[in-house]
Amino acid sequence: MSSNINSVFYAESYHPIQAGSIDGTDILPHDNAVYRALLCSNAALYDPTGDPKIIGDPYCTVFVGRLSHLTTEPTLHKAMSKYGRVKNLRLVRHIVTGASRRFAFVEFETEREMRRAYQDAHHAIIDDAEIIVDYNRQKLMPGWIPRRLGGGLGGRKESGQLRFGGRERPFRAPLQPIPYEDLKKLGITPPPEGRYMSRFQVPSPPRKPRKLVEKEEYSYKRSSVDREELSQRSSSMERDEHRRTVGRKQDSRKRSYVEEESQYGKSSEDRPECSPNTTSIEMDHDYKWRTLDREEHYHSRSNAEGGEISRKRSSRDKEERPSKRHRHYSRSNH
């Protein structure tokens, strides 16, 4: 028994009578609060899933207690973000006054980040207050009864209602014989004799069942497949829209070509038709060919007009020359 003096163990399920015992071997309630918690437990008066404000994955959520009255949601969010990505945070407040109840629930994105906060954030300082961090016993600990009903864990000596078995106040290894028969009748889990832990060892929080992990992995893979199908569908729709846009552009170009041909007197027989399978290079070449035709048309038209003007000028000059000669001859005779 002397080797068990510095050994401890932690409760895996909650029983009010055992939680009121320093070594987990009591078989009778030692105060009225324990008796009240025992009545609530036997009558099933407490439903841990009945609070609509409790949301999120309990395996990714930590309980943060002994907060300062001055701590607010942004301050706590900033402090807990050091250990991982905070997904949800709820600072419990008084329903009437709105004052902080000095405890909160912080949900992280992954279970690994939750375990990191559980390991490293315990006894951290926030707003000059030393906090305690535990896993979400309300959802994950069988038989849990909260402090307001006489249960809970921890507590201070001044209150006279200490509760053992938690991370802050574990059970001490029994120094007296363990009453296995009486504990079995009450439904209390006996101490794990021979499997005690050191006071400096950190108890591991419950792990998510394998079925839930496989279900989440399946849902994640399914969502990934759905996202891929959606992206493929959207890309195919974009390709179809691009084809329709290109087709509309080709139709508009064909209409513009026809209008230009009718305007400049070019018959459609002199131009190669644009088939639906015509490539952009062929269309550019055809457009340049038509542009050269227009320039030749303008050039020939301007040359024709210039030639006609020059012919008119030459005929006028021929008419004016005899008259000039006649005037000059008449002046010389006089």
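Cβ coordinates are placed from backbone N, Cα and C, and glycine is handled just like the others.
Note that TrEMBL annotation is computational and uncurated.
According to TrEMBL, the protein carries these features:
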| type | residues | note |
| --- | --- | --- |
| DOMAIN | 60-138 | domain 'RRM' |
| REGION | 151-334 | region 'Disordered' |
| COMPBIAS | 155-171 | compositional bias 'Basic and acidic residues' |
| COMPBIAS | 211-258 | compositional bias 'Basic and acidic residues' |
| COMPBIAS | 282-299 | compositional bias 'Basic and acidic residues' |
| COMPBIAS | 308-322 | compositional bias 'Basic and acidic residues' |
| COMPBIAS | 323-334 | compositional bias 'Basic residues' |
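For the domain 'RRM' (60-138), the DSSP-based tally of helix, strand and coil residues reads 21 helix, 30 strand, 28 coil. Tertiary neighbourhood of the compositional bias 'Basic and acidic residues' (155-171): same-chain residues 8-11, 14, 18-24, 31, 33, 122, 132, 134, 137, 147, 191, 197, 199, 202-203, selected by CB-CB distance under 8 Å and a gap of 6+ residues from either end. Sorting the compositional bias 'Basic and acidic residues' (155-171) by DSSP state (H, G, I as helix; E, B as strand; all else coil) yields 3 helix, 2 strand, 12 coil.
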